[in-house]
């Protein structure tokens, strides 16, 4: 479809000519991705900053304290979005892995590779803020209950994926190994989600998505939803920007390789 | 500041700080890749990034 | 196309195998995944003496007695209940902030021969409801909820209550 990379004639700069060989169609799609994402990214980033600014200020200063947890309940506005991102991001990783395994989509490989460090960070932040919340409320930083343990496993899965895809010289092989790990690890996502319903845990059950009505007063629920949206937008913007950078870096490598090959021939 | 507020503040600082550091690192990486690509392939870079100026 | 389809079927098959293996494993380890045991569990199956385990439930209303132990440390006696059964607990140490009658707790300790649970650690377990103090006060005042007696009423009845105008509860 996209013929933008083929040059109509000789151009003054020797480096500007893309190599006509080595699967141009594989760059065609990423080329369009760069164009499209370049237009979306500034808006996405601006929306994330705006939403987060509103949501965090709301949660930190304007929302009421909880009747029994007092001001500590404000950790909710960062802890819960991190938990959502840890799990939602992993679901995204699983989808990307299916795309990469079955349809061998090269963009999916790159997106998964750039997604896992961000997801690992979100999960680590979820664990850290949960710990900071648990100490004053439960009376302990950490317990080995089913929820906390399964989230720790989720964190190791994120880390393992990030390490595995970078462990191979052959990036395609690394991407395939990472996709397999991501899909095996996907069984953990429902375990994280339902651990509080299936087993006795110290962690309380879900508040927002519980049957009937959310167990949060709207004055606490609304800032939480805004923060959740803001962090999701920020997460998406980060992953998109990283994927863009990765696409450009791959193109740089290809151009350098082509230049070196031409220099060899000459 | 009570102990509770300390825990709240540390939580917010960790999360916002984590995202901010990653955002800054990503911005630098993105800008570096863009610059290098523009060096290697000026035409494609121009076409891809400032379409407003490109009337073709 | 066929290669793609083959990969898809292979993946689905792997997912099925992995899913059932996980489900079987989780069912098999059910007992070990439980973080605490309820008083009913203990009534049904007495734990081995001198084995530490976790006991969880609600702090029974009117059962909490706070004293000072001979060595000056705070001591608390209370009953942990799950409605059907209850276990008496003694604990020497500082209780968490959230500890109160009607609150969920998880205690770690050993069951003595007299049937009293000697806890070495008490953790508070809060429920999944969050509400501003004014709303909680309004519910308490209107007689719809006594936190010492148990969980909050259905969330739909209070989660849109205006905190400012909550004092005389209006029909909702």
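Cβ coordinates are placed from backbone N, Cα and C, and glycine is handled just like the others.
Quick caveat, the model's predicted, so the values are computed rather than measured.
According to TrEMBL, the domain 'Cytochrome c assembly protein' annotation covers A:28-203.
Sequence-distant contacts of the transmembrane segment (A:40-62) (same chain, at least 6 residues past either end, Cβ-Cβ under 8 Å): 74, 76-78, 222-224, 226-231, 233-234, 236-237, 240-241, 244. Taken from TrEMBL, the feature transmembrane segment covers A:40-62 (among others).
Summarising the annotation, TrEMBL assigns transmembrane segment to A:82-103 (among others).
Outside the transmembrane segment (A:115-134) by six or more residues, the chain places 72, 75-76, 78-79, 82-83, 85-86, 89-90, 92-93, 96, 140-143, 148, 151-152, 154-155, 158-159, 161-162, 165, 178, 235, 238-239, 242 with a CB less than 8 A from a CB of the stretch. Under the heading transmembrane segment, TrEMBL lists A:115-134 (among others).
Marked as transmembrane segment by TrEMBL: A:146-168 (among others).
What TrEMBL records for A:180-200 (among others) is transmembrane segment.
Per TrEMBL, the feature transmembrane segment maps to A:220-241 (among others).
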Which sequence-distant residues neighbour the transmembrane segment (A:82-103)? Criterion: at least 6 residues beyond either end, Cβ under 8 Å. 109, 111-112, 115-116, 118-119, 122-123, 125-126, 129-130, 151, 154-155, 157-158, 161, 175-176, 178-180, 182-183, 185-186, 188-189, 192-193, 228, 231-232, 235
The predicted model's mean pLDDT over the domain 'Cytochrome c assembly protein' (A:28-203) is 92
